Amino acid sequence: MIIKRTPQAASPLASWLSYLENLHSKTIDLGLERVSLVAARLGVLKPAPFVFTVAGTNGKGTTCRTLESILMAAGYKVGVYSSPHLVRYTERVRVQGQELPESAHTASFAEIESARGDISLTYFEYGTLSALWLFKQAQLDVVILEVGLGGRLDATNIVDADVAVVTSIALDHTDWLGPDRESIGREKAGIFRSEKPAIVGEPEMPSTIADVAQEKGALLQRRGVEWNYSVTDHDWAFSDAHGTLENLPLPLVPQPNAATALAALRASGLEVSENAIRDGIASAILPGRFQIVSESPRVIFDVAHNPHAAEYLTGRMKALPKNGRVLAVIGMLHDKDIAGTLAWLKSVVDDWYCAPLEGPRGATAEQLLEHLGNGKSFDSVAQAWDAAMADAKAEDTVLVCGSFHTVAHVMEVIDARRSGGK
């Protein structure tokens with residue numbers, strides 16, 4: 001019976017993903033033993049000659065994207081593994097900046113299914129092994145791995161990184177990673193390796209990160225100590241032990257993440273020209289990260305879902321020229337710090353359009369309204385989006401935020417209507 005249910009290499013990607021979601025008894029099962037065994041069988045523990053691994057509460061995706069952009073501009077063949085995806089599963093694996101066809105993913109899943117035998121794998125472990133297998137097939141120069149959760153026990157940590165990066169430390173996933181910044185810092189520093197650079201972009205670094213670096217013999221490089229940056233209205237400068245780079249173009253991604261990516265790149269020893277650095281920084285962009293998708297009304301997508309990200313988003317919103325009102329379409333997961341996240345956004349949002357998110361982790365619209373005092377509730381993200389767009393005047397701003405899921409739902413609605421001709 002099990003063989004009948006198991007998809008084949010030619011099965012649709014949707015069939016595989018449904019199979020993977022129900023394969024393991026737990027959605028999250030931190031630990032490296034099972035996934036390491038299967039990786040060894042597949043021969044994917046060294047997916048490329050050079051590997052960056054990027055952990056952090058916020059900023060992982062844009063740090064990875066900046067590294068990818070610069071390295072591609074320098075002529076390297078690059079693969080990136082990131083999560084979660086916004087609209088399509090195939091977003092999780094990029095080779096030379098492009099998604100791979102669904103058939104490549106299903107072929108890799110079939111390889112893993114064959115190799116795993118009776119070893120049980122979570123959805124994320126399966127996806128990580130799949131990415132590593134796809135990278136190995138692509139014969140890349142550099143692979144960039146974005147940690148899923150934490151670091152020490154995350155499936156990506158089966159690979160020994162040549163450069164490890166921790167972008168930021170804030171309270172999120174406390175059920176899994178510990179109740180405070182010190183505990184979370186220790187987990188994230190678990191990706192450090194002996195005699196290898198360990199780049200930290202968090203300006204208020206928990207002491208546990210230094211402890212782990214010392215225990216492992218990693219080469220710690222901290223923002224504000226071994227490297228730093230400064231910003232003006234029209235450009236920025238970066239400095240480290242190698243010297244100073246001046247008049248850099250302002251990035252489209254958050255400034256601290258672009259600087260952290262540059263610190264990691266300069267510590268890597270990989271040969272990259274100053275022109276490639278400039279071109280890569282100027283062109284790095286990632287969907288759903290303060291993404292302005294239209295004007296009149298201005299529409300902004302941002303996946304901010306914890307207080308640290310909401311603080312950054314609030315700053316970006318305040319920097320925009322304000323003519324009309326700000327209407328926020330928001331849905332969140334109930335295991336996030338809803339009160340702390342909304343406390344930041346309240347200062348820049350005039351009207352709230354609250355929606356529930358599906359699934360056991362989704363917060364209800366009413367749970368969001370408890371923290372807001374005023375606002376409208378809707379039965380779905382699509383309804384909240386439609387209402388906000390109907391109410392918005394040309395001079396207003398519609399902000400879609402609160403979760404990857406919220407932004408993804410709105411993107412899907414827009415895509416469906418576009419393709420349906422509505």
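Numbering starts at 1 and runs along the chain as displayed.
Glycine is treated like the rest: Cβ placed from N, Cα and C.
Straight from Swiss-Prot, the features:
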- ASP29, LEU30, GLY31, THR122, TYR123, PHE124, GLU125, LEU153, ASP154, ALA155: 7,8-dihydropteroate binding site (BINDING)
- GLY59, LYS60, GLY61, THR62, ASN257, ARG289, ASP302: ATP binding site (BINDING)
- SER83, GLU146: Mg(2+) 1 binding site (BINDING)
- HIS173: Mg(2+) 2 binding site (BINDING)
- LYS188: N6-carboxylysine (MOD_RES)
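Using a 10 angstroms CA-CA radius around GLY61 (ATP binding site), the binding-site residues that qualify from TYR123, GLU146, ASP154 are GLU146. Comparing Cβ neighbour counts within 10 Å across the binding-site residues GLY31, GLY59, GLY61, the minimum falls on GLY31. When Cα-Cα distances from TYR123 (7,8-dihydropteroate binding site) are compared across the recorded positions GLY59, SER83, GLU146, LYS188, the shortest belongs to SER83. GLY31 (7,8-dihydropteroate binding site) falls outside any helix or strand according to DSSP and counts as coil. Listed binding-site residues near LYS188 (N6-carboxylysine): ASP154 (candidates GLY59, LYS60, THR62, ASP154, ARG289; Cα-Cα distance within 10 Å). In this structure, GLU125 (7,8-dihydropteroate binding site) is part of a helix by DSSP. Separation of the C-alpha atoms of ASN257 (ATP binding site) and GLU125 (7,8-dihydropteroate binding site): 26 Å, rounded to the nearest whole number.
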